[in-house]
Amino acid sequence: MNAQEANFDGLVGPTHNYAGLSFGNVASLNNEKSVANPKAAAKQGLRKMKQLADLGFAQGVLPPQERPSLRLLRELGFSGKDADVIAKAAKQAPELLAAASSASAMWTANAATVSPSADTADGRVHFTPANLCSKLHRAIEHEATRRTLSTLFADRARFAVHDALTGTPALGDEGAANHTRFCAEYGKPGVEFFVYGRSEYRRGPEPKRYPARQTFEASRAVAQRHGLAEEATVYAQQDPDVIDAGVFHNDVISVGNRDTLFTHERAFVNKQAIYDTLTAALDARGARLNVIEVPDAAVSVNDAVTSYLFNSQLLSRADGSQVLVVPQECRENANVAAYLDHLAAGNGPIRDVLVFDLRESMKNGGGPACLRLRVVLTDAERAAVTSNVWIDDTLFTVLDAWIEKHYRDRLAPDDLADPALLVESRTALDELTQILRVGSLYDFQR
């Protein structure tokens with residue numbers, strides 16, 4: 001059956017800021033309390049969407065979540081009118097106001113794990129929103145994520161949108177940032193690859209400096225609820241040493257697409273066994289695994305973390321060749337730039353490298369891959385997505401003007417205490433729901 005991989009990028013929200021909330025994310029910590037530019041952040045992401053759509057790739061957009069989250073602040077004991085809640089939180093616990101104001105839902109690679117209909121037992125596309133329970137500012141996202149996905153993918157005969165797994169450390173789930181899929185063609189049955197950092201109940205190596213956010217138990221639960229074939233599901237442990245070096249999700253150290261795995265040589269525990277298992281599973285699905293392993297001598301783990309070489313999008317063109325979408329930081333790192341030149345000049349599947357300015361997102365630890373959720377859809381499934389979320393000339397122009405109208409070009413940590421920011425954000429989001437035709441998506445609209 002004919003199918004295409006669509007990328008749904010998160011639109012950066014009006015409260016984009018640098019609060020340093022993500023322990024284990026080096027960029028986030030290094031840029032704590034810097035002044036952010038929400039308008040630039042949103043436009044940088046939108047330009048990437050538009051350019052990829054212009055190149056013929058299926059490109060959708062997911063709306064921001066409502067921030068600041070008054071629901072969280074009230075749950076934490078702050079009371080009164082909305083402005084009073086914000087003022088009390090700013091005075092008594094500014095760190096909680098920062099968590100409630102985070103625009104981290106922009107990184108939709110963490111929104112959910114997605115399995116296409118070709119892989120699932122019931123022939124539907126399955127979505128499991130990630131519980132993101134390792135961080136407060138992200139643990140509040142999954143309910144709104146489920147609501148958004150249920151709105152966009154509303155046809156229950158074609159789509160199954162699950163609740164997130166129970167938010168406990170044993171089931172820590174970070175979504176598609178630790179998942180990829182290999183296949184001969186998008187519409188044919190493939191092999192789903194789940195990467196975890198630790199196991200709650202099995203003994204094994206664990207990082208010592210930074211937390212492992214994804215558990216084996218969570219990955220297995222997602223695979224089981226999606227109805228994946230056991231012989232076409234592969235689990236791998238990320239090397240704990242690279243987690244301690246700042247690789248907080250697997251998409252910071254490897255990326256896969258179709259029959260290609262682009263990875264650092266230090267990405268996995270027992271890597272050869274993983275390659276062999278993937279090769280055998282994919283062989284049974286009519287494809288041969290192509291591993292492009294970047295040696296540590298050419299690009300160190302530190303180079304990978306600072307440049308986000310592997311937090312790239314690996315996209316297939318109609319002719320079968322692949323293009324690597326990287327942030328401009330890759331061109332600013334001499335080792336990474338040299339490797340990319342070598343890669344593009346070779347005879348491998350990756351023939352082209354596209355470079356994007358995503359500086360505002362990158363300063364918070366989010367590159368091209370963080371900003372997108374991959375959803376493989378058949379023609380009929382794509383037609384069932386009736387909201388106005390597919391990027392084209394018209395939608396790009398409307399969204400660009402919407403950002404220009406509603407977003408600030410400067411947001412410092414102290415600005416989160418401004419009650420006008422809540423009003424501005426709600427006004428913007430209310431208008432956005434009309435643009436995207438998604439109905440009353442937000443709590444304040446209900």
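Using N, Cα and C of the backbone, Cβ positions are placed for all residues, glycine too.
Per Swiss-Prot, substrate binding site is recorded for 19-28, N110, 137-138, R213, D251, N364, and the stated evidence type is sequence analysis. A coil conformation is recorded for A19 (substrate binding site) in the three-state DSSP classification, outside any helix or strand. Cβ neighbours within 10 Å of A19 (substrate binding site), excluding its own Cβ and spanning all shown chains: 23.
Look at Swiss-Prot and you will find E174 (among others) tagged as active site. Proximity of E174 (active site) to non-local residues of its own chain (separation of 6 or more, Cβ distance below 8 Å) is seen for N110, A130, L132, S134, R213, Q214, H249, given in sequence order. According to DSSP, E174 (active site) is assigned to coil rather than to any helix or strand.
H249 (active site) falls within neither a helix nor a strand when secondary structure is assigned with DSSP, and so counts as coil. According to Swiss-Prot, the feature active site maps to H249 (among others), an assignment based on sequence analysis.
Note on C370 (active site, nucleophile): other Cβ atoms within 10 Å of its Cβ, all shown chains, come to 27. Positions annotated as active site, nucleophile by Swiss-Prot, on the basis of sequence analysis: C370.
Here the C-alpha separation of D251 (substrate binding site) and C370 (active site, nucleophile) works out to 8 Å. Packing around R138 (substrate binding site) is summarised by its Cβ count: 23 other Cβ atoms lie within 10 angstroms of its Cβ, all protein chains included. The recorded positions listed here are N110, H249; among them, N110 has the most other Cβ atoms within 10 Å of its own Cβ. Under the DSSP three-state reduction, R138 (substrate binding site) is assigned to helix.
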